[in-house]
Each structure stands twice: as C-alpha cells, then as structure tokens.
Amino acid sequence: MKLASTDFMHVVKHAPLISIDFIIENENSEYLLGLRKNQPAAGYWFVLGGRIRKNESIDSAFLRLSNEELGIAIERSEAKPFGVWEHFYNTNAYEEEGFGTHYIVLAYKIKLSLHLSILPNLQHTEYRWIKRAEVIEDPSIHDNSRAYFIEQ
C-alpha cells in the first residue's frame, strides 16, 4: 500500500522506514551505483534499492524493487543477506525543514551483470560500475553506501 503524501510525511517525521538495498556485483568484481535524483541523498552515488510498503512482504518488496530499480524481477532467495543497517539523513523526501529520515535497511548482495543502458531512470540520472577500492575513495559516493564496502 502506498501512503498519501501527507501520511507518508508524518511517518517519516515520527518513525523509521524499512528498506532494501541491493549491493550488485558483476563478473569483473565491480559494483553498481546510481546517481540519485531524489532526497534523501540526492546528487550522491548510491547503491540501488527502496522502501518496503505497508502490508508488503519482504519477498514481494524484493521482487517489486528489483523490477523498478533494475528492470528485472529477482527473487530474494537469489540474493545473499548482508546484514541490517541504519541510515540517518538530515533531509527528507519532501525537502521540508525540521526533520530528517531514519531508515532500517536490509542489505543483500547479488551477483549480476547488466548493461547500464537498460536500467530505469526513475530514481537515478545515471549509473556506473565501480571497483570496491574506488568506492572507498570517491567522495561523491554517499557515506551510507560506502559503509557496505568498508565493512567487507
């Protein structure tokens, strides 16, 4: 169930959100990042993923998000769990002053090769494959995404 904007803003203001992040690695040991369009983290390179909706199972959210973010539906059983993380942002999706966003993130590793040209552009303006060492050094990659690579 997708909430109305005012209801969603109330939730963001008063509770953590639950999301799934995809740490996608290709056959060249490179990782997929997208340049975010929307807050929080607009203008930063970030791993792909998204929010779990009310009354949506984790498996259903995984299928929906992989299809929305990658253009292909992937079963959660095809991915390897990579822990539960917390992301804190000073901003929110509505760019309203006075409150940030708190995510509880279920991270998953996926081995997958994709051509960047086929990826949807709903959440990201562009995509790139990048080596782990470069992720750690690149300041244009958001700290919340960088943490996945530092912790390996």
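The backbone N, Cα and C atoms fix where each Cβ goes, and this holds for glycine too.
TrEMBL annotations:
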type	residues	note
DOMAIN	13-152	domain 'Nudix hydrolase'
BINDING	G49, E69, Q123	Mg(2+) binding site
MOTIF	50-71	motif 'Nudix box'
SITE	H124	site 'Critical for catalysis'
Residues flanking the Mg(2+) site, with Cβ no more than 8 Å from the Cβ centroid of G49, E69, Q123 and excluding those residues themselves: F22, G34, L48, G50, L65, E68, L70, H124
Around the Cβ of H124 (site 'Critical for catalysis'), the count of other Cβ atoms that are within 10 Å: 18
Arithmetic mean of per-residue pLDDT over the motif 'Nudix box' (50-71): 97
Surrounding CB atoms that lie within 10 Å of the CB of Q123 (Mg(2+) binding site), all protein chains: 17
Within the motif 'Nudix box' (50-71), residues counted as helix, strand or coil by DSSP: 13 helix, 2 strand, 7 coil
Number of helical, extended and coil residues in the domain 'Nudix hydrolase' (13-152), per DSSP: 35 helix, 52 strand, 53 coil
